[in-house]
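Lifted from TrEMBL, the feature list:
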- 14-265: domain 'Glycoside hydrolase family 65 N-terminal' (DOMAIN)
- 323-687: domain 'Glycoside hydrolase family 65 central catalytic' (DOMAIN)
- Trp358, Asp359, Lys599, Gln600: substrate binding site (BINDING)
- Glu487: active site, proton donor (ACT_SITE)
- 696-757: domain 'Glycoside hydrolase family 65 C-terminal' (DOMAIN)
Amino acid sequence: MKNYVEFNEWNIIENGFHLGKNKIYESFMSLGNGYMGMRGNFEEDFSGDTLLGTYVAGVYYPDKTRVGWWKNGYPEYFAKVLNAINFRGIKISIDGEILDLAKAKKVKDFKRILNMKDGYLERNFIIVSKNDHETKVSVKRFLSIDTKEIGAISYSITPLNYDGKIEFTPYLDGNVTNEDSNYDEIFWDKVSEKVAPLYGEVTMVTKKTAYTVTCAMTYSTLIDGEEINVVPETVIKDKYVANTFNVSIKQNSTVTLNKYIALTNNRYLELSELSSKANKLVLNAKNIGFEKLLKTNSDKWHKQWEESDIVIEGDISAQQAIRFNIFHLYQTYTGEDSRLNIGPKGFTGEKYGGSTYWDTEAYCVPFYLSTAPEEISKQLLIYRYNQLDKAKENSAKLGTKGALYPMVTMTGEECHNEWEITFEELHRNSAIAYAIFNYVRYTGDEKHLISYGFPVLTEISRFWASRVNYNTFKDKYMILGVTGPNEYENNVNNNWHTNRMASWTLEYTLEVNKLLGEKYPTEYAELVSSLGLKEEELSKWQDIITKMYYPRIEELDIFAQQDGYMDKEQILVSELNTSNLPLNQKWSWDRILRSGFIKQADTLQGIFFLSHLYDKEFKKKHFDFYEPRTVHESSLSPCVHCILASEIGYETKAYEMYLRTARLDLDNYNNDSDDGLHITSMAGTWMSVVYGFGGLKVMDNMIEFNPFIPKSWNKYAFKTLYRGHLLNITVSKENVSIELQAGDNLTLSVYGTQYTVKQSKPLTLATKKATV
Ligand code: BGC
């Protein structure tokens, strides 16, 4: 099945129940608010295939690393974001029969809908029981983006052809496990349970990390909208509390259970406050009521959309996809807490442990720079600044100097569990340096360099200076034993991306060194002294820049991905029978490593980062060589190719790449949507539209656009914040219109010509025609 969901501009709709594909839909239907999140699991019992997931941001467990052959230098643990207290649970029994969609005689008119405009999840169906009783069920739930500790569920049941008795058991359950636990350990210990009529509370603490989480619940019951009194039986078991009660209900009347939850944790509160705060919040939520809470939440989502929506006319599938991506990004990270970051799967699954990867700097920072106030992307940079000491420890453990940021981390400590594929990906260090450059280039916030940027740049540069090795025969510096972004080549020498980005980091650090020395001498002097920065270091960095070695393919006048790349059999993806794809599911690892196929943008990723340093001809030559060899088996790949293809005028190719990134999860392109969504690559999809089709760049303190419109679109529009200005860019087949919605007059560049835009006076120009 290609189309998992109906095409709809604002909704993700599962039409009809897909028992065997439930995990895929659970991923699509995930909810989050930056503080906590949950997969689209059902509230009632479900015995079918499911991945249960409720996650609390920053609450993790250091699961002991599991590897085949322990090598010195391996981290002790792999951080896991934890499946936390199940607060969505409502057990339902209809006339004595447990409601379980996997066991029902028949399920009719099933729809599960993620409403992205208003920020909630809805589910409607009719269930037919063994004795042919038909019952309509309608459920709505959301996690509040207004009061982040709060969530609410409205669960309605209507008997359609009988008078019946419904038993409700709203509960909280701390008996949860992680599917990806390395040694089948339970990660939580119980602290306490409390139960009373209309109330339940469970407090759990993580083993080793001692994160304490309290969840409180209360509820109200209504018949046809009128609140009724119920006399529940209270249930208390190990890590579990519930209330059980029966409601007799007439045919065509509706009984509704509104369940409210509040979740607190000791990352923000004292232990002694957890219970009282959760109690207060949940009772307050109940007082406000489900509909009002939902309305406040929807209003907030509407405001979010006003600032960050992308509108596409003429291609509903593209419209749906881009909103799906933006929605999930904002559900994952909202930037209030610099200790938090963006896991590649966000709150939608366990894979990648919820940890931070280079994805943040390479993909997410640009998204937040344009769509949120600059403090939000700055938080992501401060996250790394705060982990600088840990990065220095990581480097010292390897016997190198300076700072080596981890490839996978929660707190700054490295916690990968694969050496060649993950750990050797040293390019993350340069991506972190690059994000500083990117942030300062975009915002103009030079002072960031003094407070945070320069120490990070200096320590990363120190790492590179001690990690390179000098080849006396060639009089060149080399970087050996790395894995570049292309994970289908491991432990290679002189990966171009790694060498170039390392050298660029040194160049940029020297540039910042000069800038601070000239413009901020007092602060600079303090920095030099606290960092112990020596002249010899600066000249050493310069020497490395001058003598960095880059592998080349002379006949084509391009850079080679790494030493020996051309020794490989040069087959193009188009020459492969498609039955071989995806390679990572069809070929042995040995065969993949021997082949020249490239998992994800590698040389091209470096060229994209340093786009301001290379001309079109250079980009085109490299694109022509690398794109036909790239299988894009990382979700992070097609967007980079889309942006470069757009820039060199390969519009058709750019659109093809866009389609691969935009609907990657919704169309289950890589056959892995069941274990969660590719949250970080969603930022790449956004970049494909704004940087690719829209041609947004910031060069020499000026924002530039170079838009074209894909053939199948009639119009698209996006917004971008830029240095206190809000711009609305609309591109149709005929015109490009740039409207200044907030801020003073702004001089910008469109198709290479400068214009000054003023509020209420949109700039309108003819749209560039597509070339290829
Ligand atoms: C990619 C990495 C990425 C990681 C997490 C891998 O498949 O190759 O570049 O950092 O996924 O998204």
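Including glycine, each Cβ sits where the backbone N, Cα and C put it.
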Non-local Cβ contacts of Trp358 (substrate binding site) (under 8 Å, 6 or more apart, same chain)?
Met407, Glu425, His427, Arg428, Ala431, Ile432
Helix, strand or coil by DSSP: which one applies to the residue listed as 'active site, proton donor'?
coil
Sequence gap of 6 or more, Cβ distance under 8 Å: name the residues on the same chain that satisfy this around Asp359 (substrate binding site), in order along the sequence.
Ile342, Pro344, Leu636, Thr680, Ser681, Ala683
DSSP helix/strand/coil residue counts for the domain 'Glycoside hydrolase family 65 C-terminal' (696-757)
0 helix, 41 strand, 21 coil
Taking residues Trp358, Asp359, Lys599, Gln600, which bind substrate in the record, the widest Cα spacing (Å, whole number):
16
For a quick check of packing: other C-beta atoms within 10 Å of the C-beta of Lys599 (substrate binding site), how many?
22
What is the separation, in Å, between the Cα atoms of Gln600 (substrate binding site) and Glu487 (active site, proton donor)?
8
Could you state the CA-to-CA distance between Glu487 (active site, proton donor) and Lys599 (substrate binding site) to the nearest Å?
6
Check the domain 'Glycoside hydrolase family 65 C-terminal' (696-757) for me and report the mean pLDDT.
97
When you average the Cβ positions of Trp358, Asp359, Lys599, Gln600 for the substrate site, which other residues in that chain have a Cβ within 8 Å of that mean position?
Tyr357, Ala362, Pro485, Glu487, Ala601, Gln605, Ser634, Leu636, Ser637
